[in-house]
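Only one structure is covered here, and it is reproduced in the block below.
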Amino acid sequence: MGEWTILERLLEAAVQQHSTMIGRILLTVVVIFRILIVAIVGETVYDDEQTMFVCNTLQPGCNQACYDRAFPISHIRYWVFQIIMVCTPSLCFITYSVHQSAKQRERRYSTVFLALDRDPPESMGGPGGTGGGGSGGGKREDKKLQNAIVNGVLQNTENTSKETEPDCLEVKELTPHPSGLRTASRSKLRRQEGISRFYIIQVVFRNALEIGFLVGQYFLYGFSVPGLYECDRYPCIKEVECYVSRPTEKTVFLVFMFAVSGICVVLNLAELNHLGWRKIKLAVRGAQAKRKSVYEIRNKDLPRVSVPNFGRTQSSDSAYV
């Protein structure tokens, strides 16, 4: 159960910031109607699945062969595999969004550090300084006039008094350069577009996986679990009858998981509709146009440079004939 709790927390982290309302409803369906039911109810229902699968024969290996024929993969294992695969696109989106947020944070910190980076004050006791203090007097004056930058504002320390404060020292606020603001806003917009595009891609992949597992479940098990299964697989000598434990309960469970998968498919389609098919098409076309423009720029014919001809003379040409 601890592994499922970790998966639930990761999915909640993916939904809190970037998902739509439909995505949050989908998370509730996945967490409550899939993870909790499979982890709590499924283990008790399918705990004795193979041991209680009994055939009316004493032929060694016949029970195992017929069980493998009836259930190529156990219901509970199939649903666990389905949950893991369906949640994989969301986990990939978490990794991508966290990586982009970390890059944006590092870029912001580097910009702030560059803005706050200043040279140390020059010594006050140079050759043109007042009376014989030399470098020692300059250092003492520097200590008195030490300044601190707090929240982008140049301020005096407590050791500095009004008598020692020079007239040229002013309190100034660091204002960002307009070009830096444009660059930061452009990079933030590009990051948001990348996250939105990746979110749409993971919704599409998640829906494709849901449909694939739904079709696979139908072809493997159908809509019911029979109580009596007839088998003539080797090493059974003749056709034998095998009995499945709790067939009605497993049928209800199977239909319930069909319904949950269908609801997830509908919610994924509704989320894509909410995001806007037109926006999705424009995003895809924009990415294709960008790649095409880069390709055209790379393959653009460069201006031909005339190169002097250092070919062979008439006599040398005739020598090679």
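Every residue gets a Cβ built from N, Cα and C, even glycine.
Note that this is a predicted model, so its numbers are computed, not measured.
Going by the topological domain names that Swiss-Prot assigns, Arg69 and Tyr229 belong to one and the same side of the membrane. Sequence-remote contacts of a segment are chain residues at least 6 beyond its ends whose Cβ falls under 8 Å from one of its Cβ atoms, and for the transmembrane segment (198-220) they are 18-19, 23, 72-73, 78, 82, 85-86, 88-90, 92-93, 96-97, 254, 257-258, 261-262, 264-265, 268-269, 271-272, 275, 280, 283. Long-range neighbours of the topological domain 'Extracellular' (221-252) within the same chain, counting only residues 6 or more positions beyond its ends whose Cβ lies under 8 Å from a Cβ of the stretch, are 45-46, 48-49, 52-57, 59-63, 65-67, 69-71, 75, 258. Sequence-distant contacts of the transmembrane segment (253-275) (same chain, six or more residues past either end, CB-CB distance under 8 Å): 20, 22-23, 25-26, 29-30, 33-34, 37, 41-42, 45, 75, 79, 82, 86, 200, 203-204, 206-207, 210-211, 213-214, 217-218, 221, 223-225. The DSSP breakdown of the topological domain 'Extracellular' (43-75) into helical (H, G, I), extended (E, B) and coil residues amounts to 13 helix, 2 strand, 18 coil. Averaged across the topological domain 'Cytoplasmic' (99-197), the predicted model reaches a pLDDT of 51. Counting residues per DSSP class in helix, strand and coil order gives 7 helix, 8 strand, 17 coil for the topological domain 'Extracellular' (221-252). Away from its own ends, the topological domain 'Extracellular' (43-75) comes close to residues 220-221, 229, 231, 233-237, 240-246, 249-250, 253-254, 257 of its chain (Cβ-Cβ under 8 Å, at least six residues beyond either end).
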